[in-house]
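The block underneath contains the structure these notes are about, expressed in structure tokens.
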């Protein structure tokens, strides 16, 4: 595929008012996407159903969402596309609505876990998955063409969805077994002042839990600020203070999950993924799990011990999903809390992932600590080394020798990961080992080989 000009691995993202996150670009993007979707609709229309394609737009709670939503709506309408405005809903809700309403595409306005100063726009296909590469490429090409407008009789209509949140709440609940409930469970749910603020608490409450909700007072500027999956320590304090059984933390667009138990212990994506997979194994065989380059070595070892395959993808839920689809596997995720259960949904969903963890705990009548007790997480040490101009670390003899020595010493008791930073001229040296001292010494040995 040719180099992308506008789209990154997760749509278009940047600072509000910058080159791509502004009203003018969003208008052009809406028109370009509309033209491509209209063409696809004409080429694949069966002669039945809607005369023109429909698209749903959902957003998180950033103040800039109003501006971008209006601009996208105008561009899509100018291209002859009908628009459904879902308002503030989680990213995975847009994927669900697109699929269940048989729409041409879904559009999400969100910068996920970033602060309010940033925003982004990404698309879902009619199947609730990422757009095919050829469609993204066609939209990029159309972006460089002049802005136009269809005839007045062909303009798209727009209407607000009154039931978007309610539909999604029911979908989430449908992924929790009908023979179970959450009666007697005391939860703290942190929605990060984000897209799930009026959704997630209802899901758990309607299943029977006693819910105390935090991070549910968005003002356009406080999304992810000191709350949510990026700051689970806030949730841990609230769980302890209220004597709750568990805490559930989502990020700004609710596709990421962290959990906390009654003692205040924080559980990351690797531990929660294991909790889900262990329960699924009691229903039948699990062929394999996809993690990333950053997935803890302890999860890899534990999965191997219980007979589950494990593969690493590049960092990013897009790459995890691609590898899951290529292998036909159902489960995958990232340490950050992006968890994919393709037997429940087509994309990562923090609320649904939490329900799958709760399913495991209710079935086993166990605490979270008890359920993942056999998963031993390996201590991790990372050292960032500045890269001298012109230095090719991949062919550096000293680093190669040090890496060989470290890997020989670890010999199945840990792993080494060396990768260049994508944002600054630094080399990231990461070692995971059975004990912290060994991880520290091994990482330092790698750094010393570069004169750091």
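Cβ atoms here come from the backbone N, Cα and C positions, even for glycine.
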Which residue of 77, 112, 421 does Swiss-Prot report at the same Mg(2+) site as 251, 253, 255?
112
May I have the list of same-chain residues other than 112, 251, 253, 255 whose Cβ is within 8 Å of the Cβ centroid of the recorded Mg(2+) site, in sequence order?
60, 90, 91, 110, 113, 194, 195, 229, 250, 252, 254, 256, 350
Around residue 253 (Mg(2+) binding site), how many other CB atoms lie within 10 A of its CB?
33
Far apart in sequence but close in space: which same-chain residues, 6 or more away, have a Cβ under 8 Å from residue 251 (Mg(2+) binding site)?
112, 113, 192, 194, 224, 228, 229, 230, 337, 350
For residue 255 (Mg(2+) binding site), write down the residues of its own chain that are at least 6 apart in sequence and whose Cβ falls under 8 Å from its Cβ; none is a fine answer.
90, 91, 92, 112, 317, 338, 347, 348, 349, 350
Local Cβ density at residue 112 (active site, phosphoserine intermediate) - other Cβ atoms counted within 10 Å:
26
Using DSSP with the three-state reduction, classify residue 255 (Mg(2+) binding site) as helix, strand or coil.
coil
